[in-house]
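As recorded in TrEMBL, the features of this protein are as follows:
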- 17-53: domain 'F-box' (DOMAIN)
- 104-238: domain 'F-box/LRR-repeat protein 15/At3g58940/PEG3-like LRR' (DOMAIN)
Amino acid sequence: MELDADRRRRRGGKDHISELPDDLLHNILVHLSSTAAAARTSLLSHRWRYVWAYMPEIVFHRDSTTPALSLDSIDAALQACSAPTIRRLEIRLCQDKLDVHHVAQWLRFASQRLVGSLDLSLILQLLDSVKNKELMLPVCERATEISVSTWSSLVLRPPATGSFKALIHLKICYIRMDGRELGRLVSLQCPCLRKLSVIGPLVAACEVSISSESLKSIKYHCSYTRKLELTTPRLTKISASLAKEAYVVAPKLEKISWDDTYDPSRHQFVVTGRHLRRLSTSASRSPLLIRRFDTIDELRLYVSIPPGTEGYISFQKDMCTLPTCQTLWLTVRSRHRLTPSIFYILERTSHIRKLKLNLDPTPPLK
């Protein structure tokens, strides 16, 4: 390709694309599928040889277009990067096994250059290759979003000191953490954090305590959580499960998604008033949570009716008192006749303006 370009120049033709300013070329390269594809443009001409190295975004995906992508090639690309700052670093791989040393280098690069979002997603086929190994998360002072997902038994260790001053969104999925370290990270080292998502098991059973003046949304689904304590005066949205106990102080809370059994003696929401904008939960596992509120703008209920007479009586007991709501979402799973069951619910929600009904076809319907 480079020879063809040279022949065109000898014939008097112009390479108008190569005459474009670097900033515009970077914008063009960013829209390619990955950084590997951008690097291949070096073959076009001498002018293009180092253009990709100054791109503001670095993206690596192992897919059909880059089946031979290796960890060493990612290391080499980051070492060749000449851009003083990077607004996006995204690495998504599916590996048989993984050397944690490579990932540590990528995170170190992010701590030095990143001024935007980090998305690190690693799916490991051989989980024992990283069993009980630790991955240190360095301080990324200028990162605004961090997402780490490994689908492995790796242990993520946050820094003991330092601050993620610009961090707004933190997502940690399927990589284990110490619950106390998680609480310290969010409470003391992320002063501007607005959105937190943590999914996966903790290293060991413990209490998790988070106090944040900035946090507005939290998704917490971590096994081995003895107790989840949240002091979050600005929190408006929570999705939670797997906490044996929970104490949530959130006077501005508007939306709750509770994916577990609710016991008011062990799970408490300290909120202002008895109104919610949205509640999503199981009718059979959390009837007392539903009755905790008088009015709910949007009520999303998963209704599973056990077989037999006792199962239907239990369903009627759980649904005998429902809050006033404008929109009702029903996902119904039942071995009983559906029409009487649905009408039983509708008779107790006469004020609804909108109904969305989903019938779960898993069991045979009668």
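Placement of Cβ uses the backbone N, Cα and C atoms for every residue, glycine included.
TrEMBL annotations: computationally assigned, not manually curated.
Taken residue by residue, the domain 'F-box/LRR-repeat protein 15/At3g58940/PEG3-like LRR' (104-238) breaks down under DSSP into 24 helix, 58 strand, 53 coil. Averaged across the domain 'F-box/LRR-repeat protein 15/At3g58940/PEG3-like LRR' (104-238), pLDDT for the predicted model comes to 94.
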